[in-house]
């Protein structure tokens, strides 16, 4: 039996009659499968049609075509269509095709009321029953002789929308309609306009009327003018009438049909008046312009002079151009109110400084009062002699620093003009009330005086000049240096002179001497009216070795520090000589004892005669200034102990005698005889030997040892 075989050549989708049809027309979506088979056998096809990715049609057929019929196409049928075919386990896919159903269904509009009053609202509902969101709705309010008012409302999840329109003043018969829009691939598509809905508007009250008596075009200053505002209302409750000029409310009434307001007319009453009637949310207004003719012009105040010295005469006069029959008064203005000076056209007074101020005059005709412009009168007291001083208080300035001066007049009517001089040169002019400041930033070394200031105001007495202010220029310290005599090395016990000097600086100068340690130590300080000072330091000690520096300052308040110097305190010459003598003496003593020892051994080798000589040595030595004290029977040879920098050669018996380590060293002179080995008692000559004298720390006793090793038989 032959094996059945098939394959998809192509799957395609078509639209009849066209991919673009009008709303309401029929449309067919056709899915076609082109399949090849190896024999003529029956094959089942599963057709599936999608719109915008969503399943809209499915069928099973043994034919190669499937049709999705839409008898009445709506705008919601617009979209991308595609189909799939499955047969004998194999699947084929078509391309996508866009179908556009042009046109939208006509919307339906309804209103919640057919008759409303001004101030109420109309609620409208617009629906596109066969459309699918998202949609946009447009509502229109149409009234005679005016452009429609439109509201746009987008809807994402429903095919209807609702909106409210307020009913305003002047609305009579209103007409409403709506239409919808949707977005398609080519842009926006609009529906037809809905049916029109009519709404009748009732007036709760009529527009108010506003009249004046006399007529608004025939009002003169001094006339009594009356305003009347009235309306007709359907319901009195809640009615309010308001009368205002510009933004100022002049009068108002409630639950009344009319309002009256009267006043004596002035030129200031010219302008626009407004009558407003309100009830709930409804408001209606009427406007009226009023012009008030001038009865007489404003008066003019003149003064004999506006600036004068105290105790001078002042004349003020008030006039009206071309009009004399008026009641005049002259007043002075004050923060607490007007001060009446005289009910007259003319005022003559002798002034003092308290009369400085603003003056006006008033004129009254038929109850209308008009006031002139203000005239400023300034009365001047003479300035007192000014005082010139330094702001910081002290009449001195540091070289290179600015100098600020103040010039002050205790008396005098402001404004006062102050002039500053440096020498004969004008540096600055300042106008102020009682004082002025001057900053001199160009201070030189020779600027030691010559400042003064002038003060003057509008008084006829003229200029007053201060005393001359002498200012001392303080030169800051520059280049401090330190030296010493002797310099570098100083012997112990000697004096040292330290010299601290400055290259430049105003006197007095404060000098300070310091020694550097872990922290700075102040050794000496002095104030000098000089550019240098000498400090004598007595009796230098080894601990005074170190680094020294000095510091200088004056009224410029700047400390200047010298470079440091190093002082080394060394031993004096005599101290070095003592040490050298001790060393030489110790060496000579050692040589003498060595010679004696040699002679003694030679004598012992010659027999008994030498013993006698040795026995006679002890008393002989005793007579030669050598004190020998027993120490447990041990004796120390002078040549057997030499001290050098604390290193000692000690006796084998260290427990005998005092502690030599801690003993002080003293010296004594010892004469040692040179012995003839054959004639022991006879002394041929003498040698001087220095022996060490050691003292114990507690000074309990002194041991003086010749340190001579005796013969073994000598006890």
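The backbone N, Cα and C atoms fix where each Cβ goes, glycine too.
Taken from TrEMBL, the feature domain 'Ig-like' applies to 208-289 (among others).
If you look up TrEMBL, you'll see 297-376 (among others) marked as domain 'Ig-like'.
Annotation comment: TrEMBL describes 386-470 (among others) as domain 'Ig-like'.
If you look up TrEMBL, you'll see 476-566 (among others) marked as domain 'Ig-like'. Along the domain 'Ig-like' (476-566), the predicted structure has mean pLDDT 89.
As annotated by TrEMBL, transmembrane segment applies to 578-599.
The feature region 'Disordered' is assigned by TrEMBL to 608-715.
If you look up TrEMBL, you'll see 620-637 marked as compositional bias 'Polar residues'.
Residues annotated as compositional bias 'Basic and acidic residues' in TrEMBL: 645-659 (among others).
Feature annotation from TrEMBL assigns compositional bias 'Basic and acidic residues' to 676-685 (among others).
Per TrEMBL, the feature compositional bias 'Basic and acidic residues' maps to 692-705 (among others).
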Q.
Using a cut-off of under 8 Å between C-beta atoms, tell me which stretch among 297-376, 386-470, 476-566 contacts the domain 'Ig-like' (208-289) the most.
A. 297-376
**Q.** DSSP residue counts for the domain 'Ig-like' (476-566), split into helix, strand and coil
**A.** 3 helix, 54 strand, 34 coil
